[in-house]
Every structure is written in C-alpha cells, then in structure tokens.
Amino acid sequence: MSYDLATAERAAYAPFFGYMGAASAQIFTVLGAAYGTAKSAVGISSMGVMRPELIMKSVIPVIMAGIIGIYGLVVAMVLRGKVTSASAGYTLDKGFAHLAAGLTCGLCGLGAGYAIGIVGDAGVRGTAQQPRLFVGMILILIFSEVLGLYGMIVALILGTS
C-alpha cells in the first residue's frame, strides 16, 4: 500500500473542523453578546431608579451587544454552506481554515461583547450623573463594536478563500 498525499489531505474527519469553526463562531459571539447585554442592563436598571427619563436613551449598549451575536450567525451560516463531505473534496486545509475563521469571529465577538458590557455599564451610570458623558460613551461603544466587525471581516475572508 503506497502513501498518497491527496488521499491523506481528504481525511474523513476534515469536515469536523469546519463544523467546529461554524459552531465556535456562533457560540463565542453569543456568549459575548449575552455578557454585554447583561452587564449593560444592570447599569440601566440601577440608573433607572435615579433617572427614569434616561432609560430609552441608555438602551444603546444593549442593542450594540445584540448585534455582536448577528455577526457570529452570519459567519456560521457562511461556513456551514462551505463545508462538504470529505469524499466530495473537502480537505484538511479547508477544515482548518474554517476553524480559524470561526475562532477569529467568535473570540473577537467575545472580546467586543465584554468591552461593550463594561463600557455600557459604566457609561450609563456616568451619563445619569453627568449627561455630557453620553457622546464619549457612544464613541467608545462604537470602537468596541468595531472589534467584532473586524473579526467578522477576517473570518469571511478566511472562510471564503
């Protein structure tokens, strides 16, 4: 029996890595979104006791945290569409590329969700005491959101090439 490199690259377990990439993109981004939502909501709840008129204005961090989960959903669906069976030509390098794409999107989303949660909590509480802090909070939230967006862009490049 001879060793054939083309057959070795089409290992039967190669699609497992592709599916793990899709799963990790969804799981980690949703964990980040959940943390960001929960942490920001705690700040909104405590701020709402003192200044209930600012509650609707302070919902922005919660919305931005929810968008992080959508990034993971988009990447997971793109990766899911690219994974085929090993007999159809799905190789290990494609599987590892899809795993890297999923981890990139997922971990960037996790970090972005943490950042949005911390900034949202502190920013909402600070805005209740000093309304001029609102613009600064929004700017920092945008920079935090962009971390997740960068992860999605890199994941889409990795997953489709």
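Glycine is no exception: its Cβ is also placed from the backbone N, Cα and C atoms.
Because the structure is a prediction, the values reported are computed rather than measured.
These features come from Swiss-Prot:
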| type | residues | note |
| --- | --- | --- |
| SITE | GLU145 | site 'Essential for proton translocation' |
| TOPO_DOM | 1-15 | topological domain 'Lumenal' |
| TOPO_DOM | 37-58 | topological domain 'Cytoplasmic' |
| TOPO_DOM | 80-98 | topological domain 'Lumenal' |
| TOPO_DOM | 120-137 | topological domain 'Cytoplasmic' |
| TRANSMEM | 16-36 | transmembrane segment |
| TRANSMEM | 59-79 | transmembrane segment |
| TRANSMEM | 99-119 | transmembrane segment |
| TRANSMEM | 138-158 | transmembrane segment |
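Among 59-79, 99-119, 138-158, 99-119 has the largest number of CB pairs under 8 A with the transmembrane segment (16-36). Within the chain, the topological domain 'Lumenal' (80-98) has long-range Cβ neighbours (under 8 A, six or more residues past its boundaries) at 9-19, 21-22, 158-161.
Around GLU145 (site 'Essential for proton translocation'), a 10 Å sphere centred on its CB holds 21 further CB atoms from the protein chains shown. DSSP assigns GLU145 (site 'Essential for proton translocation') to a helix. In the topological domain 'Lumenal' (80-98), the DSSP tally of helix, strand and coil residues is 13 helix, 0 strand, 6 coil. When the topological domain 'Cytoplasmic' (37-58) is classified with DSSP, helix, strand and coil residues number 19 helix, 0 strand, 3 coil. Here the topological domain 'Cytoplasmic' (37-58) has a mean pLDDT of 92 out of 100.
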